[in-house]
């Protein structure tokens, strides 16, 4: 084959010869950018704590770090000495593995640089084809002789020295072995750290540790009783089952309400501010008029400044005092955890009373069949249906978790109604119980199955308070599997006749398909049934142009009058004293389904924003509240959340074959956090998700193809010789200042433009991941990581490498594409272009390493948002509160692929252009320092994937090895075409290395993947011991136990239920559900949780580190609520930082809660977001002219379905909104990470 032709397949040598001018131009620009940004960072970092070190105060206590040193050298030393264990505790597992990933890349390339560069660079240069490293006169190739940095690369070896390529082969094999060794060792460490994290006592307390998401549940198994009966074969039994419902219509209402709420809040704020500005303007006129009448002097600047400071101080005092008024029923927001527990206590008392009622029409109430209607509690979890009727109705969590934690209803009139459903639903419950009795699915100790259990363990002992879930973590006598009772064994067999042509059926006499323990006839009459539809209606609904008809509800009147709010109600409003009606905020209503921001295109009706929003928000609040109270209206989806009592059970359930048919009850996801669930996608059908995934994949492939052209054009900008051949650019051929300037620009401009072209890609992929139906944030991040890396590798490496292949005329381009059908052509294209493109990546990696690292330190985006964008769009108190209290979070799916692509490029060129290793070390070192600073002091971890992205990143690095091996094979083949001795052997050896590398990756993944995703049984006992140690420390922390030995045999006091009644249970009740004794005890005079590291990771050393001997001399604290109250008074006493106001004394970590508190919160954790969404408060600023007070009065007189308040906020002297408290609808429960 020819190395070049007339059809645009340009020889790589035409792109060689990048001189030091081009490289130094890129280096100079990168250093200048780095120096400027780092200098500004060091100047501002001690002045702008909110920007450069917010985690030192504006974060939960567990995540806070000590302020960094002011001295730059001391700062670097502090970062270096910040231990991995501290990173794990304060930043999370994903942050730790991200930093470890950068360190792993350094571990790979430092030895490569130390070994490969001293050997290959002299071999490439000495007696080579070109010797002009410094060549300022010509930036190209002189008669095919390499110049510039190419003299140090592969292409400079002369034909007479071709045997030197054996050194390249040997060192390439060494690089492959070294990289594979590092990968293997890293996977071992990854498995160990991840297992330690997942089995730590703190993590095992979380709902995610024991909860799985199961998809594609067949219809007959889609009930709580059926799922409990199926999954109770696993140790410990089931604690909770949540069936998912299609709440998309309710979710749309909530999203619309949130939009209208923000619009009303902004309009009300603007009205108050406009009235205040008008009042100040009038005051200025009145003062001027008064001075004229009295011939007084105008106030001086000092007097005006003094008055301004006085008014600002008054505004701050008013905001911090919380003075103001409010209107609307607002009894649904739990202010703290203790209120939640108190509400659950009240529910428990009512259940106790309800169980004493025996008439047929007075069945026990609040037994929710997944939705607060029918069902049973979580007591006797794991017994299955065999003991279904014994004390089941007394559970603290009703079936499926669809009973709210708070017993107060959302509106005033319903707040005093008893819990439960009306008598019609009670009759349904009674019917269900009758069915159970007839079929033998319920019973007590006297009603045991007539046949032995399978998979059974020793019977469990129930506590007197059966709502409390018994412990199985420390006791092997856990609940066992139960099976349904059967009186006629003949019904187990399939005796239906078969015709000779029924080839698709098995022969008669076999077993029937498995039947759930509660048959569909018992459950389905109470489930939602859609109305009969025609085929056309079903087809329209299937393609998304129709929807299921829901049973209608009577919503009642949203306002007292039932009419919309109008101007007549504002005749005596205070705002009229300062403004005219035409000054009030207005907007247009969209038509034809257009979004609000495009309403101006539809020429919709112009309405008063406050009047319209007030009416609509009151209506939506009423409708949403009513819909949330009747979730049974919505159809069931084919998915469910299942929470086990044991962590090992959740992992076993995910690995087992759960159904006898393919693709049923799969896939199953473990480690599902309630905060990580994407609720809007839970109603997506499986076929819809498959179709969306196919469409998204096609779109991404199309994007990759069409993005190639601008990316290739940016690479072509770096080739001055090619540009000089274009018409109009022939002046570049001339020597002189113009060419030198162009050469310098060519080193920096293409990488910069390429970086800009790739900015939008992860954002688009985020949208695609959501559109395709990702169920959790972790799935979303994994999707983005996978496709973003593919996009980057194709665009940044492949397209740039063969840019001349694309940048040509259309006929030649079509001809070039036809060549890709030949594998030998592909190898030759890569081999020809790869060595010449190395110089481009020198500049690219250097620019990225210096600009990205310094930009991360400077927080350019945050500075722009705070000082430009925020001043434009943040007008309300809530906007400012959110801006100030919410830290930036990291999207790991955006971060890993960028550095994985750097690593792949460096691996590919590690032998072909050895100098790349130096630039890789510089890049990864700078990024490690910058990213560690950001993770420790600036940003909070976003979605927690548990480190899963690290494993994928390691596997993606194999791409670099494969491409390096393929390119070396191609280069050796090209040499073989010149009849060079030994080239064929070298090509064969490298091809064998390629096959061995593939085999190594396959075997490594086959052995490590199960351990990365699931926990082995061997570590369960050790985890249980750590749980017991942690439990004892928790007892000491809350003052609930004397300073006893951890493994002591002292007698323990009786356990307590939520309402204070003692019950008899096992000695070692589970951490999550164990009640603590309520007697006066001693507590520590220190905060051990502040100093206690992860017990699972430190082992028994954690006990020695805690000063447990100091537990004496303090007043007794009987509850965690009292403990936190004391801490809150201490933390908030000075009110020095907003972080204290937000997090001070708040139990934001689940281990900070008492067992009963944890249980009460977890019950509500996996309810659909649409059922948990709370009514928002319209938070407007307090003013001294009475406009906001009057707006609250007008709202109160119109409706009680809209909550509005001006507490905790005010206007300063410049009519800017200030706030001193959290929003009225804020709850510390929202901060708790379950």
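Any Cβ shown, glycine's included, is placed from N, Cα and C.
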Range annotated as transmembrane segment in TrEMBL, from 84-104, 105-125, 126-146: 105-125
Which listed span TrEMBL calls transmembrane segment, if the choices are 20-44, 45-69: 20-44
Overall pLDDT of the domain 'CSC1/OSCA1-like cytosolic' (210-284), taken as the mean: 91
Residues from the same chain, set at least six apart from the ends of the transmembrane segment (960-978), whose C-beta lies under 8 A from its own: 1, 154, 159, 162, 165, 168-169, 172, 175-176, 179-180, 797, 824, 827-828, 830-832, 834-835, 903-912, 984, 986-987, 990-991, 993-994, 997-998
Number of helical, extended and coil residues in the domain 'CSC1/OSCA1-like cytosolic' (571-681), per DSSP: 53 helix, 19 strand, 39 coil
Cβ contacts under 8 Å made by the transmembrane segment (690-709) with residues that lie 6+ beyond its boundaries: 684, 757, 761, 764-765, 768, 771-773, 787, 790-791, 794-795, 799, 806
